[in-house]
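Report on one structure; see the data block that follows.
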Amino acid sequence: MTVSADTEVNGVGDDIERYHQEIFEVVTTGDLKRFNDILDELDRHKLPTIKKKVLNMGYQEADGLTALSIAAGEKHKSITKTLAKCSEVDVNKASFSGITPLLMVAEVGWPDILGILLERGAIVDATPSGKRAEDNKISGSTPLINATKYNHPECVNRLLAHHANPNHQNQSGISALMLAAEQGYFECIKLLVQAGADLDLAPSGPDADNLNITGQTALFMATLKDRVDVVKYLIEKGADVNVQNFYGISPLFLCVESGNGKLVQALIEAGAHVNFTPEGELAEENFLVGQTPLFSAAKSGHVEICEYLIKNGADVNAVTMTGASPLYTAIEEGHLEVVILLIRYGANVNQSPKGQVARDLHIENQTPLLIACMKNHEAIIRYLIQSGANVNLTSEHGTSPFLAICQHNNVILARLLIRHGARYDVETKNRYDGKINSLIIAAESGSFDIVRLLVEIGLDVNYKIEGTGETAGRTPLFHACAKGFQDIVEYLIDHGADVNATEDSGLSCLHIAAAMGHADIVRILCEHNVNVNQRYRFEEQDVTAYDLAECQQHNHVCQMLKNFRAK
């Protein structure tokens, strides 16, 4: 190691290393007495070169931080203050990541030491940069951002007094004001605004995109955290209440969804658009286009907020890009009180999604009543019928409210729909383009009470699925056998179901029951004189129910079939 010519100490390299290591130990542990002893020793032996060197050398094992930065980071205030005043200490010496003493002191929150460093020429807006800083997520963080992040208003005030930039943004695009607004640090917010912080500054760029914070201003962030006082203050100072984030969402959307009535009122009184909808590519990708704040309120079940929005001009029959309405949304979530409110204010009870997007999502023509029946929301179904909903409107695939309720075994609602004119003999298509009826749906869904109702009112127990798909020819009994619904199987057989009926491919009720391992169903069929040796063409072979059970290793079924002389 090269040393200055004016040094009179032998082995100066060893001394530097020894002092450097000792100082690291004392600033880490906070041993103030030993620290002062070391400084006295260096001064007493008149070793200014060594003193300056060891106090400004970074520590490899600590990201290259100097003694001053380490002392601050460890919150050893007396040592930090001594070093800050020491003329030999470089107050701008940064670590490998770019961390300066001022940044550390601002984070800890010591305004007096901050003042000393600033008076000694510390760069007020020095920021970490480079790969290390980026990897540690600290790139671009100024002392002001750090002081704000940890809610040190006195430090914020001193930094601003030394002309710190209130609009500096870190690598993610976040400014001091955004942090303060998000956390509700009111004193910091006021200081930053008074110093000229841009109220409508927002994150942008790849990092902001990855964090989903692009476009989120201070007002937006305060709204996200339900900071009512902060939102009101920012509005008073001129913040844009209709700002949009990455997805085209406005602050009003957020507080409506969270149910904060005070925020909703503050934003609307300040001019927030009640029928504002997201736009743009991301909004389209997430099916947000057309969604007004009323949709969010309806989805979340916030009745009072829904009414407040409507009274302030919200359109109760607005539709999204999918064709859904606020009523449709409320019904999906099962919010009866919202449904009642929307209908009272004129929501169309028969409005349904239409258009290409609705077709792509397979929801075209699904009326509010159909959705309610699909979700089995009994109280909503009753209210919709009472409000004039058409009980026979069907979806693009032909599904009616009655067909939907058949899946839920709710015989009370089924009877209610019939009383109000619902067709119980209506047919629809399944996913294989086969034509099916309500008895098929009820049998496949295990809805015994509905099956009994339908048989009692005259539906054919031997109805067969029409079409050319793989389900063609299947009967209600076939579906009950496939699913293992013993009570339905017994009921259908008792009411004349053909136990030997097959689908168009030749697969029988016994075949499917054996293949699925339903031993009790196999027994019932055999007891009712099913053809136990009926063959079915499968993979170029003629197989029996026994063969199918054996293939699936359903040994109990095989034994059951043997008991009935199956081969």
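From the backbone N, Cα and C atoms, a Cβ is placed for every residue, glycine too.
Bear in mind that TrEMBL entries carry predicted annotations, made automatically and left uncurated.
Feature annotations, reproduced from TrEMBL:
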REPEAT    97-129  repeat 'ANK'
REPEAT    139-171  repeat 'ANK'
REPEAT    172-204  repeat 'ANK'
REPEAT    214-246  repeat 'ANK'
REPEAT    247-279  repeat 'ANK'
REPEAT    289-321  repeat 'ANK'
REPEAT    322-354  repeat 'ANK'
REPEAT    364-396  repeat 'ANK'
REPEAT    434-466  repeat 'ANK'
REPEAT    472-504  repeat 'ANK'
REPEAT    505-537  repeat 'ANK'
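Beyond the repeat 'ANK' (247-279), the same-chain residues lying 6 or more positions past its ends with a Cβ under 8 Å from any Cβ of the stretch are 219-220, 223-224, 226, 228, 231-232, 235, 241, 286, 288-294, 296-297, 299-300, 302, 304-305, 308-309, 312-315, 318. Residue counts for the repeat 'ANK' (97-129) under DSSP, split into helix (H, G, I), strand (E, B) and coil, are 17 helix, 0 strand, 16 coil. Note on the repeat 'ANK' (505-537): DSSP counts are 17 helix, 3 strand, 13 coil. Only residues 6 or more beyond the boundaries of the repeat 'ANK' (97-129), in the same chain, are considered here, and those with a CB under 8 A from a CB of the stretch are 63-66, 68-69, 72-73, 75, 77, 80-81, 84-85, 91, 136, 138-144, 146-147, 149-150, 152, 154-155, 157-159, 162-165, 168, 170. Here the repeat 'ANK' (139-171) has long-range neighbours at 98, 100, 102-103, 105-111, 114-115, 118, 124-130, 133, 177, 179-180, 183, 185, 187-188, 191-192, 195-198, 201, 203, 207, meaning same-chain residues at least 6 beyond its ends whose C-beta is under 8 angstroms from one of its own. Per-residue confidence over the repeat 'ANK' (139-171) averages out at a pLDDT of 96.
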